[in-house]
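Participant: The structure under discussion is supplied below as structure tokens; questions concerning it will follow.
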Amino acid sequence: MTTLIRGAQLLGAERTDVLIDDGIIAEVGSVARADTVIDADGLIALPGLVDLHTHLREPGGEQSETIATGSSAAAKGGFTAVFAMANTAPVADTVAVVEQVADRGRAAGLVHVQPIGAVTVGLAGRELAEIGMMAASRARVRVFSDDGKCVFDPLLMRRALEYVKPFGGVIAQHAQEPRLTEGAVMNDSALSGTLGLGGWPAVAEESIIARDALLAEQTGSRVHICHVSTAGSVDVLRWAKARGIAITAEVTPHHLMLTEELISGYDSVYKVNPPLRRDEDVQALREAVADGTIDIVATDHAPHAPEQKLTSFGDAAFGMVGLESALPVVLRSLVEPGHIEVADIARILSSAPAAIGGILGYDKPLTVGAPANITLVDTSASRTFSADDLAGRSTNSPFIGVELPGTVEHVLFEGRATVREGLVIHD
Amino acid sequence: MKHLLTAALGRDEAIALLDSAEDMHEVQSHQLKKLPALRGRTVVNAFFENSTRTRSSFEIAGKWLSADVINVSGSSSSVSKGESLRDTVLTLAAMGVDGIVIRHGDSGAAALTADWLAASHPQVRVLNAGDGAHEHPTQALLDAFALRRRIHGTASRGKGLDGVRIAIVGDIAHSRVARSNALLLPALGAEVTLVAPPTLLPTGVETWNTQVTTDLDAAIAQQPDAVMMLRVQLERQQGAFVPSVGDYILGWSLTDARHRALPESTVLMHPGPLNRGLEISSKAAEAMQSAVLEQVTSGVSVRMAALYALVAGEDQA
């Protein structure tokens, strides 16, 4: 069974044909025929996108998302691999849960679902979870995170960093000083003061990043900072990288585009953790992606059922869906203003997150012999983003009604079409 | 005015409401207090947070206007009951009510209620009876009303609070009363000074249309025309806002000495209930008692005026 992508624009190359045979790229160049042909005229071929930060909600939160529906949202957004965060119920802190998540991802068959293991039992921050057993399990866990909660205890953080070092694991930190953010629901600012909403100060993020950079330096281990949201955090990261510390960082699409003013009407679709910040922060985050201080874009896709959002701002759940809008927002916020080239998307949304998370097959994309994980994008297309663009179970997207560029036309996951003409293919 | 969600009113709008409250106040001195203005109208007091004063005040105001008044109370955390606040609000609206008076522990709850009703029940009016740390507009209106009466007496109608200097003292950061007053009183021409421990000033307070100081003695030395003491909530001490009760009294309580330093004419105000000995000494509280009760009476007049302005709309039968 062979598939031919005809006339796609490869990054940094001519328009060409790509032949896929048995899930592997067999030929790049002029190809005559194949069993299936995809007309890629006018489309750019990106490597399959990789999201290092996805909440699939299963087990325990199936009213918001399942592994299958989240996989569908991921495919629709051009992803071929997602890292499933550990804050499920039960928490992914045992071999049983991470293997189940991986198995269900495989059964859904739309993307590689790579489980993330919890750092501490029940995300409670008291004792380390079965990190070694999860790493050695069939799920082959390499990323550990208590995301949703900060690994606040400095000793536990140090031990976790030491423990993952021998097998090349990484601790993905949700940097939020808990005491400084009690009751916090939005950026700490003049706006939070007038709205009467609890403020989440930048220092609560920046102080944890500084501490963990130093712990990573001391242990010689790798730390990854989730959803960086402030200009000050960028400064701390720049300092840590200049020092040679093994620290990586991600920014979400929403923090690259949206600011706190959106909260003025108390619409909980804009309630997210860390919160939307100021325009200065947005600009600093964009520049940090451009200069490599921030390594990757990751969605923090956080689906919530309507009951969790249609309530007061204080009661509403934190989080927004992001898989389907990630690429368009990256085009709008990073490519259009000239911070990065389209070709850089292959790095920040594919090879770099795969390398940080330790999954294979993304280091030499779109070359003969590489797995055929390919996303064909029309970057010239523009549309008003709508609920029809969402393919998961929840619709809590802040981008509905926003004009965004770029559509995902076709996606191949391990050589198999998962999206055709913008629609997810369900077997 | 469609809803009363905020005290950020225009001067004319605010004065019109206060003047209407004067009319309502007059009626209260009659033997028969009841007006037929809202006969056949239904007002729901939806209180998701405990309140005796504000709820009774709205209830009496509605009843004296002949509205059918229904009280609904519930926990602020409606999510825990499995029904979203939006569902609760739409359910009440679907019963055919004309006005919803909402008190909720979360900032923005009243504004969201108005938004949610806009599509399906645009005729229902919303009155904010206190939303989290955000606003409490009828409290600010009654403060302005009581203050205007103290200063202008029976000649209050049509007047603002031009040049009147008011110190608001206490936990500004968590106070919806302070936020609403900081919007309304300057709109009426008053000069407001906020006084609080540095830990209890909201972020960005320097951008407000008020003066700000941490020094109560300096504020008192300015001989303000009115001093409004806010209730201090001891349970907030877990947030380490003030080291101790003693520290608070030292810096920000209206002690006997500070009370004596104020001119006789200074109006003492408090939204109640008072913590005697904490934010205010017993003696000062005694001296204040009459003004505090006046505020309570004013509350009914102002809420009658607000309900009348919103719910009696001429388009309704």
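Here the Cβ of each residue, glycine as well, is placed from N, Cα and C on the backbone.
Not my notes, these are from TrEMBL:
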- B:4-148: domain 'Aspartate/ornithine carbamoyltransferase carbamoyl-P binding' (DOMAIN)
- B:Arg53, B:Thr54, B:Arg103, B:His136, B:Gln139, B:Gly272, B:Pro273: carbamoyl phosphate binding site (BINDING)
- B:Lys81, B:Arg176, B:Arg231: L-aspartate binding site (BINDING)
- B:162-309: domain 'Aspartate/ornithine carbamoyltransferase Asp/Orn-binding' (DOMAIN)
Participant: For the carbamoyl phosphate binding residues given in the record (B:Arg53, B:Thr54, B:Arg103, B:His136, B:Gln139, B:Gly272, B:Pro273), what is the largest pairwise C-alpha separation in angstrom?
Facilitator: 17
Participant: Taking the binding-site residues one at a time (B:Gly272, B:Pro273), which has its Cβ surrounded by the most other Cβ atoms within 10 Å?
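Facilitator: Per the Cβ count within 10 Å, the most buried is B:Gly272.
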Participant: In the predicted model, what is the mean pLDDT computed over the domain 'Aspartate/ornithine carbamoyltransferase Asp/Orn-binding' (B:162-309)?
Facilitator: 93
Participant: Taking 8 Å from the centroid of the Cβ atoms of B:Arg53, B:Thr54, B:Arg103, B:His136, B:Gln139, B:Gly272, B:Pro273 as the cut-off, which other residues in that chain fall inside it around the carbamoyl phosphate site?
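Facilitator: Counting only non-site residues, the set is B:Ser51, B:Ser57, B:Gly130, B:Val177, B:Pro271, B:Gly299.
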Participant: Nearest to B:Arg176 (L-aspartate binding site) by Cα distance: which of the binding-site residues B:Thr54, B:Arg103, B:His136, B:Gln139, B:Pro273 is it?
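Facilitator: Nearest listed residue in space: B:His136.
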Participant: What is the number of residues in the domain 'Aspartate/ornithine carbamoyltransferase Asp/Orn-binding' (B:162-309) that are helix, strand and coil, as DSSP sees it?
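Facilitator: Residue counts in helix, strand and coil order: 72 helix, 23 strand, 53 coil.
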Participant: Measuring Cα to Cα, how many Å separate B:Arg53 (carbamoyl phosphate binding site) from B:Arg231 (L-aspartate binding site)?
Facilitator: 14
Participant: According to DSSP, collapsed to three classes, what secondary structure does B:His136 (carbamoyl phosphate binding site) have?
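Facilitator: In three-state terms, B:His136 (carbamoyl phosphate binding site) counts as coil.
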Participant: What is the Cβ neighbour count of B:Gln139 (carbamoyl phosphate binding site) at a 10 Å cut-off, with all protein chains included?
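Facilitator: For B:Gln139 (carbamoyl phosphate binding site), the count of other Cβ atoms within 10 Å is 28.
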Participant: Less than 8 Å, Cβ to Cβ, versus chain A; work out which of the binding-site residues B:Thr54, B:Arg176, B:Gly272 satisfy that and list them by sequence.
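Facilitator: Near chain A, the qualifying binding-site residues are B:Arg176.
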Participant: Translate the DSSP assignment of B:Arg53 (carbamoyl phosphate binding site) into the three-state scheme.
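Facilitator: Its secondary structure by DSSP: helix.
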Participant: Looking at the binding-site residues B:Arg53, B:Arg103, B:His136, B:Arg176, B:Arg231, which one has the fewest other Cβ atoms within 10 Å of its own Cβ?
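Facilitator: If we count Cβ atoms within 10 Å for the binding-site residues B:Arg53, B:Arg103, B:His136, B:Arg176, B:Arg231, the smallest count is at B:Arg53.
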Participant: Distance check, please: Cα of B:His136 (carbamoyl phosphate binding site) against Cα of B:Arg231 (L-aspartate binding site), rounded to an integer number of angstrom.
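Facilitator: That separation, Cα to Cα, works out to 14 Å.
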Participant: Just to confirm: which same-chain residues, 6+ apart in sequence, have a Cβ under 8 Å from the Cβ of B:Thr54 (carbamoyl phosphate binding site)?
Facilitator: B:Phe47, B:Arg103, B:Ala129, B:Gly130, B:His136, B:Thr138, B:Gln139, B:Gly299
Participant: Please report how many Å separate the Cα atom of B:Gly272 (carbamoyl phosphate binding site) from that of B:Arg231 (L-aspartate binding site), as a whole number.
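Facilitator: Here the two Cα atoms lie 7 Å apart.
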Participant: B:Arg231 (L-aspartate binding site) to B:Pro273 (carbamoyl phosphate binding site): how many Å between their Cα atoms?
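Facilitator: Cα to Cα, B:Arg231 (L-aspartate binding site) and B:Pro273 (carbamoyl phosphate binding site) are separated by 7 Å.
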